C-alpha cells in the first residue's frame, strides 16, 4: 500500500496544451515530448533500463554482451564507480559557484597506479603476441607485489616488466630478458634485479628454462626448415647430456646449436642473424660453439642430411 500511495503522490507530467496527449520519451536526449505539438515537457529524464553493450574483443567472457564496463576484480573498488552529473539550477552550486556534488573520489591512487600498470602489461604483451592467460597472471603478480610494498624504490614499469617475464616462465612460454626489454622502457639489468626481488618477496619460483623452450621460436623467426630445427634441438640436448656446456645459459647453447645445424645444412645463418633473434652477442655464440664443436660428430641425429660435412664446419 505504501508503495502505491507513493507512486500516486508523484506529479504527473503532461503537455500544458494537450493534457490528454501521449508523451514520447527520447531516451538518448532524456526528453519527454508531446506527440501532438512536439513540445518538450520534461528533460533530463533518467533511463532506468539496462545499457547493454557488445564487446567483440572481450575474450575473457563467454558472452561478449554486458551492461556497462567490465568489472576488474583486481581493483579495490571492483572498477565500478558512480559519476554525479553537474546540475543546471542555482541549487546545484554553492556561494562560490562550485558544484555541491563534486566527485571527490572516483578512483583511489593505488587503483589508478595498478590500472596504469595493467595497461602497460597489456601493451607489452600485445607487442609480442602473448595470450590472455599470460596477461591475467602478470596482473595478479603485479597486484601481489604492489600490495606488499616490498619493492619500494623500483618503478612500476620495471616491476610490471619483471612480472611479465615471470608469468611467461610460469605458463611454460618463456621469453628472454632481451625480448621483454625490447617491448618495455626498462633496461635488461633493471628487469633482472626486479625479477630476483619479486621471487624473494613472493616466496615463489619458476621452472628452469631449457634449450627446447626457445628452439622452435628462434628457428621459426630465422626461417629455418623443420629438419634444421630438429637437428638443432638434438644437438643442444646432446650437448647438455654430455656435459659439454657447463655454466652456459640455455639461450646461448640453443643459439650455438642452431648455428652448427644451419652451417651443416643448405640453410646457413650467420652468428649475427642468430644473435639478433636469440638476443645474445656474437661472442657468446662463439664461446658456446667452441665447447660443442670438438664433439660435433656425436651431436647430429643419425638421419641428418649434410650439405656441409662435419669436418668442414667452421672452427671459429
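Every residue, even glycine, has its Cβ placed from backbone N, Cα and C.
Taken from Swiss-Prot, the feature Zn(2+) binding site covers 15, 18, 34, 37, and the record attributes it to sequence analysis. Look at Swiss-Prot and you will find 124-200 tagged as repeat '1'. As annotated by Swiss-Prot, repeat '2' applies to 218-294. Positions annotated as zinc finger by Swiss-Prot, on the basis of sequence analysis: 11-42.
The structure, with features from Swiss-Prot marked on it.
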{"residue": "15", "record": "Zn(2+) binding site", "Cβ within 10 Å": "21"}
{"residue": "18", "record": "Zn(2+) binding site", "Cβ within 10 Å": "15"}
{"residue": "34", "record": "Zn(2+) binding site", "Cβ within 10 Å": "20"}
{"residue": "37", "record": "Zn(2+) binding site", "Cβ within 10 Å": "12"}
Q: For the recorded Zn(2+) site, enumerate neighbouring residues of the same chain (Cβ within 8 Å of the Cβ centroid of 15, 18, 34, 37, site residues themselves excluded), in sequence order.
A: 16, 17, 21, 35, 36, 38, 39, 41
Q) Which state, by DSSP, holds residue 15 (Zn(2+) binding site): helix, strand or coil? A) coil
Q | Segment confidence, the repeat '2' (218-294), expressed as mean pLDDT | A | 96
